[in-house]
Amino acid sequence: MDNTGYCGESFNSLQSGTSDEDMVEITGATLDFSSTDDVPPLDRDYGSGGSYGVGNGPNGVPKLMDLLDEPVPGVGTYEDFNTIDWVREKSKDRDRHREIATKSKESTLALMKSISDAFSGWLLMLLVGLMAGALAGGIDISAHWMTDLKEGVCLNGFWFNHEHCCWNSNETTFQERDKCPNWKSWAELIVGTNDGPFAYIMNYLMYVCWALLFSFLAVSLVRAFAPYACGSGIPEIKTILSGFIIRGYLGKWTLMIKTITLVLAVSSGLSLGKEGPLVHVACCCGNILCHLFTKYRRNEAKRREVLSAAAAVGVSVAFGAPIGGVLFSLEEVSYYFPLKTLWRSFFAALVAAFTLRSINPFGNSRLVLFYVEFHSPWHLLELIPFILLGIFGGIWGAFFIRANIAWCRRRKTTRLGHYPVLEVLVVTAVTALLAFPNSYTRMSTSELISELFNDCGLLDSSQLCNYANVSVTKISSDALPDRPAGPDVYTAMWQLSLALVFKMLITVVTFGMKVPSGLFIPSMAVGAIAGRLLGVGMEQLAYYHHDWVIFRGWCSPGADCITPGLYAMVGAAACLGGVTRMTVSLVVIMFELTGGLEYIVPLMAATMTSKWVADALGREGIYEAHIRLNGYPFLESKEEFSHKTLAMDVMRPRRSDPPLSVITQDGMSVEEVESLIAETSYSGFPVVVSHESQRLVGFVQRRDLVISIENARKRQEGVVSASRIFFTEYTPPQPPNSPPPLKLRGIMDLSPFTVTDHTAMDIVVDIFRKLGLRQCLVTHNGRLLGIITKKDILKHMAQMANRDPDSILFN
Amino acid sequence: TLDKARFKMLVSLVDILHLNNSEDIRCKCICPPYKDIAGLIYNQNVSLKDCNCLHVVEPMPVEGKDVEAYCLRCECKYEERSSGTIKGTIIAYLSILGLLLLYMVYLTLLEPILKRRLFGHSQLIQSDDDVGDQQPFANAHDVLSRSRSRSNMLNKVEHAQQRWKRQVQEQRKSVFDRHVVLS
């Protein structure tokens with residue numbers, strides 16, 4: 001982002017050094033002081049500190065303003081649900097940095113201070129990585145335990161889940177890898193036996209009861225302590241990173257409640273994942289740790305750099321994929337992503353991944369979540385089924401987005417939204433009742449995905465791997481030839497088809513409920529099931545019809561040509577890409593998840609196909625769709641603005657509106673300004689020379705004005721309602737017996753951005769996007785005509801796209 | 001393979017850091033069906049150097065020359081865990097959850113009853129409605145008053161709790177009632 005607020009920069013550079021170049025810069029600037037008669041000449045006062053900054057200039061040039069010397073607390077902060085001013089924040093940071101750099105030459109202490117300031121960023125990244133990694137490890141361990149709690153309990157230590165309970169046991173058999181005497185299911189504890197219809201009903205009942213209990217606890221905690229902890233969090237984080245403020249969204253209570261209720265929600269068997277909420281958790285950690293460092297606490301723009309890195313950390317701990325996390329933050333979540341953030345995000349993501357692995361929550365020392373151990377090659381002709389999977393993923397993505405948005409809109413507008421707790425309970429009950437009978441939906445979704453990604457070898461004995469054992473001449477278990485499917489495989493196939501339909505429908509209703517919910521894992525599950533079904537189908541087709549033309553060249557009997565596990569992987573990537581419209585980050589996440597570097601080309605083919613098909617059916621991904629549903633002021637940076645409107649078509653006031661509310665630079669009293677503030681609800685006012693000339697002086701924010709007036713009334717003597725407010729540098733002498741004036745030049749922005757009324761709107765939109773503006777003034781022949789705010793632009797874009805412009809809610 | 005190398009590095013690092021419980025290591029060998037012998041799984045807690053088929057598979061189901069063929073099909077993996085971490089995490093999680101539930105019960109049920117008993121009925125009807133931004137200067141008051149120092153510690157806690165409750169109420173209104181955020 002270029003800083004075109006040259007006023008501030010040139011003033012400060014004049015104060016810091018008196019080289020000739022700085023003088024040249026002043027005269028070269030287009031800020032022209034020489035032609036007016038009511039602005040004092042240039043060599044008068046440089047101590048007004050540039051555009052912002054209440055306080056002394058860098059060299060201690062005494063300020064000629066009469067405000068109190070210390071900055072008024074609250075000036076420069078923002079109201080809730082408002083957009084920040086990126087230009088102001090960035091120039092504040094540059095000033096601060098320049099001050100430290102110049103002071104560092106004075107003493108050793110100042111030098112140490114400047115070094116520690118430079119390192120504070122890295123230290124913060126380290127802390128964010130550690131904290132997020134530790135929290136993610138805790139969440140993983142607790143979620144695994146609580147998921148198994150629905151089925152039974154471990155007798156030699158209730159804190160062990162099923163797998164860990166049977167870890168040391170010698171009673172596990174090849175067929176039933178989970179059996180051990182220490183783990184008792186609820187039927188065994190209550191009824192005494194695990195066989196028979198009564199035991200089945202008891203297991204069923206306990207499963208449903210536990211699921212209902214967990215989800216009830218989750219939704220009550222969210223409702224009672226931190227309502228912002230519900231949902232995925234990624235749409236709101238996207239909006240926050242583009243400059244919006246939502247106070248409390250990344251706070252301590254939200255962090256605690258989100259962590260606790262995420263475990264409860266995942267364990268209750270609902271069809272949701274924990275990746276999106278983990279991004280929210282990581283961003284909360286980032287925000288909380290920012291308060292330890294002044295550099296980040298006071299500056300909203302620097303804080304958003306940390307939050308971009310924290311989003312990368314979130315995905316990194318969710319999947320164990322640090323590179324994929326950084327790319328996810330770059331592609332999906334962040335608005336501005338400078339190169340400095342790239343390196344720091346990577347560092348933080350690595351620290352978090354390392355912390356997570358040292359906690360070792362997966363228990364059996366797996367280093368990635370869904371590790372695949374097969375490396376069988378794939379043939380070029382298999383690209384056709386992969387592309388088919390991509391098409392399926394794209395169609396499913398578009399369908400899911402439409403259905404989910406329709407459901408969420410219904411929740412927002414009708415009576416369905418008045419009963420959040422009841423809604424969660426009903427959905428949990430339906431999910432648990434339908435999921436228990438099918439063993440593929442009863443297990444947790446991550447386990448399902450691992451099983452689907454797994455290629456069947458000699459050592460597997462699950463239902464899906466029940467192939468007829470052809471006599472094997474090769475000994476290695478890697479390259480088993482294609483075998484005919486046994487009866488169990490056919491059972492597994494129709495069970496998986498039922499599971500597919502169930503998951504497709506229930507996820508539509510689950511995502512967006514008032515519990516923390518993510519949708520990466522459910523989408524991957526849908527894709528993995530579809531992929532595996534197609535893979536097994538292809539495998540059997542190749543086995544029974546190996547003399548067909550398409551198989552003849554490369555799939556002779558006895559060769560291992562089709563790997564159903566690979567189809568499952570590709571299907572998972574396709575469905576996830578169709579829903580979120582991720583491209584590079586998805587491919588990188590997938591191959592970091594599975595370790596299968598050979599499979600990049602199939603993954604890319606499927607992801608691209610899925611994105612194209614989904615884009616043809618619906619323009620936005622799920623997160624953009626939710627942003628639009630909520631009416632957040634998010635200026636999409638990926639779309640082109642292609643209409644031929646001009647700035648004067650969009651600016652306010654329109655022809656029928658009252659004229660622009662301005663403040664004159666020296667004519668208004670405190671009372672008049674207060675009444676102007678009270679009557680209108682604008683978030684800022686332009687300051688002009690006079691009502692007749694309408695020549696622009698600057699722009700002042702409403703919040704700063706309010707705080708300064710209030711502060712002046714309390715602290716400064718003599719300031720009453722009749723005192724005049726001056727935004728000029730030099731206040732004229734007051735007549736005797738009049739109250740002392742109030743000087744507010746320090747809170748005014750001396751370099752507001754202006755465009756002429758004939759500027760094309762696509763340039764204006766580009767300026768807003770690239771610079772992160774909140775508002776832009778429109779001039780005509782040098783005189784102030786109107787103002788364009790971000791909200792006006794969003795409304796205009798909505799109107800151009802034939803959407804309802806009143807759906808943009810916030811400023 | 002790459003995974004084995006990474007894994008060995010991690011194992012040695014964890015070795016340096018801690019290895020308290022000997023029950024937390026195991027060597028798991030999975031042997032598929034061979035001729036007429038069914039598939040079997042063997043578990044023993046031996047260290048990494050002893051984790052191979054000959055040490056772990058006992059009693060060996062085949063004799064003599066078949067042992068090598070049998071062992072080639074078996075796959076042995078060394079695994080480690082930290083039961084202390086698991087125990088600590090679960091107990092910490094359950095205690096935090098329990099505390100939150102107790103606090104929630106206290107806030108929703110007990111506090112109104114206690115307040116009513118202590119202060120009488122008149123104060124129960126507090127203005128829980130938003131003090132919010134009806135006047136533009138109210139917010140400024142809030143911002144400025146935060147900079148003044150508090151006198152009493154208990155007052156501070158009480159004040160912080162009241163402010164937090166108000167914040168949660170605002171959030172609840174936005175999310176649950178008006179559906180403006182996070183719908």
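Using the three backbone atoms N, Cα and C, a Cβ is placed for every residue, glycine included.
Range with TrEMBL annotation transmembrane segment, chosen from A:278-294, A:601-617, is A:278-294. Per TrEMBL, the listed range annotated as transmembrane segment is A:417-436 (candidates: A:337-356, A:417-436). In this chain, the transmembrane segment (A:306-330) lies apart from the transmembrane segment (A:383-405): fewer than three C-beta pairs between them fall below 8 angstroms, excluding pairs fewer than 6 positions apart. By the Cβ criterion (under 8 Å, sequence separation of 6 or more), the transmembrane segment (A:383-405) is in contact with the transmembrane segment (A:492-512), since 3+ such pairs are found. Beyond its flanks by at least six residues, the transmembrane segment (A:566-591) meets 315, 319, 321, 323-325, 327-328, 330-332, 372, 374, 376, 378, 385-386, 389-390, 392-398, 400-401, 449, 452-453, 455, 519-520, 523-532, 534-535, 538, 597, 599-600, 602-604, 606-611, 613-615, 620-623 of its own chain at Cβ-Cβ distances under 8 Å. Only residues 6 or more beyond the boundaries of the transmembrane segment (A:204-229), in the same chain, are considered here, and those with a CB under 8 A from a CB of the stretch are 146, 149-151, 186-187, 190, 246, 248-249, 251, 253-254, 256-258, 260-261, 264-265, 267-270, 280, 420-421, 424-425, 428-429, 431-433, 436, 442, 513-516. DSSP assignment over the domain 'CBS' (A:651-715) gives 24 helix, 15 strand, 26 coil. Away from its own ends, the transmembrane segment (A:250-272) comes close to residues 135, 138-139, 142-143, 146-147, 149-150, 207, 210-212, 214-215, 217-219, 221-222, 225-226, 228-229, 233, 240, 278, 280-281, 283-288, 307, 427-428, 431-432, 435, 444-445, 503, 506-507, 510-511, 513, 515-519, 521-522 of its chain (Cβ-Cβ under 8 Å, at least six residues beyond either end). When averaged over the domain 'CBS' (A:748-805), pLDDT in the model lands at 89. Sequence-distant contacts of the transmembrane segment (A:119-139) (same chain, at least 6 residues past either end, Cβ-Cβ under 8 Å): 259, 262-263, 274, 278, 281-282, 285-286, 289-290, 292-293, 295-296, 306, 309-310, 313-314, 317-318, 344-345, 347-356, 359-361. In terms of DSSP secondary structure, the domain 'CBS' (A:748-805) contains 23 helix, 19 strand, 16 coil. The stretches the transmembrane segment (A:417-436) and the transmembrane segment (A:492-512) are in mutual contact, each linked to the other by at least three Cβ pairs under 8 Å (pairs 6 or more apart in sequence).
Residues 231-232, 270-272, 396, 400, 403-404, 407-408, 411, 427, 430-431, 434-435, 438-441, 448, 463-464, 466, 519, 522-523, 525-526, 529-530, 532-533, 536, 626 of the same chain, all 6+ positions outside the transmembrane segment (A:492-512), place their C-beta atoms under 8 angstroms from a C-beta of that stretch.
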